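Heads up: the structure comes next, in structure tokens.
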Amino acid sequence: MSVPVFATAEALELCASGPLVVLTGAGLSTDSGIPDYRGPGSPNRTPMTYQEFVSGPAAQQRYWARSHLGWSRMGRAVPNAGHHAVAELNADLVITQNVDGLHEAVGTPRLVALHGRVADVVCLGCRRKTPWPALQEQLAVLNAGWLELHADVVSRPDGDVDLDDTAGFVVPPCDACGGALKPDVVFFGENVPAARVERCYAAVDALADSGGALLVAGSSLTVMSGLRFVKRAAKLGTPVVIVNRGVTRGDEHASYKVEVGTSEWLPALAERRRT
């Protein structure tokens, strides 16, 4: 199928009124200083899998050491024009694949954080939840000087960083049961909670009856957790607009593909939907 590329005016018109479901990815947060795993020029890197994380203390120590450094930078990230625009779209549902919490920071209504939030920590034993900032304070005390020693490392989209030597890093157990702590996000190899998936499917399915559109913003749709909603919409005959720099796995299903930055295009759409 030939997809109209750079059809900015047509894509804006399609999304300017009526029901809308928005699916966002890491490309939305690059203008907030959070790097994209898969955008043009991104390094070739595979995140830690769920199976690796639960394999034992060494993997968990490695993850938390890297995340402790990455969090110091992610914690300073602020929402950009794209996040504010999405919050103003009055979408039927906003589905984000991001775990950075920037949609929540601007009060985005009707939001599903598909992969969870990196700001939440859960015990693998008793399932007790702890705010990540509280854990970061513990890590800072237990590993004094670690941040200063590794100040030049490179951050990643999930708060992780490039770091090799983590053998001396101290990770506290759960205060309640002594179990292992894990960020409350969906790792590669881990399933998205069924209730979240069902809510997203319901919103996408409703577009077919209401004459709405599915808008993808800043996602390469590399993983099936997001791509499946694009496939579902296309199968039901719902128009799909993809706004992303570079190729995505959903391009063949798109009615329009707009290769511009989300911080440029989304505010223009928000303005159109206000008028």
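Going from the start of the chain as shown, residues are counted 1 onward.
Using N, Cα and C of the backbone, Cβ positions are placed for all residues, glycine too.
The feature active site, proton acceptor is assigned by TrEMBL to HIS115. Marked as Zn(2+) binding site by TrEMBL: CYS123, CYS126, CYS174, CYS177. What TrEMBL lists as domain 'Deacetylase sirtuin-type' is 1-275.
Where TrEMBL records a feature, it is marked here on the structure.
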residue : record                       : Cβ neighbours (10 Å)
HIS115  : active site, proton acceptor : 23
CYS123  : Zn(2+) binding site          : 20
CYS126  : Zn(2+) binding site          : 13
CYS174  : Zn(2+) binding site          : 18
CYS177  : Zn(2+) binding site          : 13
What other residues of this chain sit with their CB within 8 A of the center of the CB atoms of CYS123, CYS126, CYS174, CYS177, the recorded Zn(2+) site? LEU124, GLY125, ARG127, ARG128, PRO173, ASP175, ALA176, GLY178, GLY179
Measuring Cα to Cα, how many Å separate CYS126 (Zn(2+) binding site) from HIS115 (active site, proton acceptor)? 21
How big is the Cα-to-Cα gap, in Å, between the residue listed as 'active site, proton acceptor' and CYS177 (Zn(2+) binding site)? 25
Reduced DSSP assignment, CYS123 (Zn(2+) binding site): strand
